[in-house]
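Trainee: Have a look at the structure that comes next, please.
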Amino acid sequence: MIYKKVSLASSPVLLALLWQFRDEPLAVCTCVSALAFLATWCMVPAATATFKRVGLSGTDMSKPTRPVLAESMGMVAATIYLVATFLFIPAQFRGWWMTSAPQSAHHSHMFPFGRLGEYLSALLSLQSMVFLGFADDVFDLRWRFKLILPTIASIPVLIVYYVGYGVTHVVVPVFMRSWLGTNTVELGILYYIYIGLMAVFCTNAINILAGINGVEVGQSIVIALSIIIKDIANINNANPEAEYYHLFSLYLLLPFVAVSCALYYWNVYPAHVFVGDTYCYFAGMAFAVCGILGHFSKTLLLLFIPQIFNFVYSAPQIFGLVPCPRHRLPRMARGTSARPTAYMVASRTSLENARPLGLAIIRIYERFGIANVERDAQGTMVSVNNLTLLNLVLVQCHRLTESQLNNRILLIQVLNSLLAFFIRYRLSRVFYF
């Protein structure tokens, strides 16, 4: 296989670079990330048969032939990511243990235990979410567990934030300062509730915007690259403390992008594997811990605007106001056995058992042109497209191939990143200066 030959040829070069730049943590992280990419690229196809043999497989319902693919391959990527980040720990603190004697008691106070605690708490929360995601793939957990367990998994990060940073105030916009008589507002426990809820949202947001080949991993790569660009653009102009938090974010996200790109190669149309809920929860928590411990939670939420819109748009089905089928993914357009179609159209759900509030919301959606409602001869609403961003794009574009639909979603994500940067670095100056 070509990927095995490339990996064997590239690994010695990367190891040589790793040794050459061993004194530069960011360079070491980059080399470790490249090795993680190669490992994921090779291990995903190698593990496919094993996952199928133990029953971790699923049918690709978006293909006319309905192929059976290995499920939960996000576990492979997440495991390699965790191994890479564990191996990087000595390099991150090499500057300390190479210039002092850590075995001496009088040097122990010099070690940056707080920074080590932040890094380890992030990895602990990530491990917990990988476990939850794999459990969801195997046992198909109920929604209440998907809300409770991320909250528990975020506790290590929240505790470290409280002990190491503890800032719980927010800056008041300029036009409100004269009314409130202050430049900041102390939120106290409400701030911890906010960042805890953000962790829950991030871990589920990627999972909700899913259903076609490549979209889960693709959107995660775009968000991660956007954060990396933000960190690189600001790192040279930051004070030492801010520089550390930019580096902290890079140390977590460079390996994440590496394993995600390798997984995307096997998951993009036509997919060879499914990533499963394991990857979705893993990706969401990676963003959450970076946003919380890196102190850019508001910027992170700007990058999640498509996911926030998808959640709000899906709310009538999520909360039972409109019937919600188990699978809301788009369906294949009708063809014939001789000429099967490659196009996808929006899937639909019946409104027969919809609640009055749900019907009212659907009417509002229809008025704004974001829902396609089917009516009977008497004008009664009969069905509506399933309320997801994927189906909404198909409502607006009528029909697309699976690859085209994935590309449209990624384009939306890229455009949103540009909008987020404009709001963060231009528009915010109007309100905060």
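Cβ coordinates are placed from backbone N, Cα and C, and glycine is handled just like the others.
A quick note: this is a predicted structure, and the numbers were derived from the prediction, not measured.
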Trainee: If you check TrEMBL, which stretch out of 302-322, 407-427 is marked transmembrane segment?
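Mentor: That would be 302-322, per the transmembrane segment entry in TrEMBL.
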Trainee: So which residues does the transmembrane segment (113-135) touch in its own chain, when a touch means Cβ under 8 Å and the partner is 6 or more beyond its ends?
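Mentor: Distant Cβ neighbours of the transmembrane segment (113-135) are 72, 74-75, 78-79, 81-82, 85-86, 89, 92-93, 141, 145-146, 149-150, 152-154, 156-157, 159-160, 163-164, 199, 203, 244, 248, 251-252, 276-282, 284-286, 288-290, 293.
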Trainee: Quick check: do the transmembrane segment (147-168) and the transmembrane segment (33-51) share at least 3 Cβ pairs under 8 Å, counting only pairs 6+ apart in sequence?
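Mentor: No, the stretches stay apart by this measure.
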Trainee: Are there three or more C-beta pairs under 8 angstroms joining the transmembrane segment (33-51) and the transmembrane segment (72-93), sequence spacing 6 or more?
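Mentor: Counting Cβ pairs under 8 Å (6 or more apart in sequence), the transmembrane segment (72-93) reaches the transmembrane segment (33-51), since there are 3 or more.
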Trainee: Are there residues at least six beyond either end of the transmembrane segment (188-210) with Cβ under 8 Å to its Cβ atoms? List them, or say none.
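Mentor: Sequence-distant neighbours of the transmembrane segment (188-210): 125, 129, 146-147, 150-151, 153-154, 157-158, 161-162, 168-170, 216, 219-220, 277, 280-281, 283-285, 287-289, 291-292, 297, 300-301, 304, 306-308, 310-311, 314, 318, 329, 388-390, 409.
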Trainee: Within the same chain, where does the transmembrane segment (245-266) have neighbours whose Cβ lies under 8 angstroms from its own Cβ atoms, ignoring anything closer than 6 residues to its ends? I mean 6 or more beyond.
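Mentor: Cβ under 8 Å, 6 or more out: 25-26, 29-30, 32-34, 36-41, 44-45, 73-74, 76-78, 80-81, 84-85, 88, 92, 115, 118-119, 122, 214, 217-218, 220-221, 224-225, 227-228, 231-232, 234-235, 238, 272-273, 275, 279, 283, 286, 289-290, 293-296.
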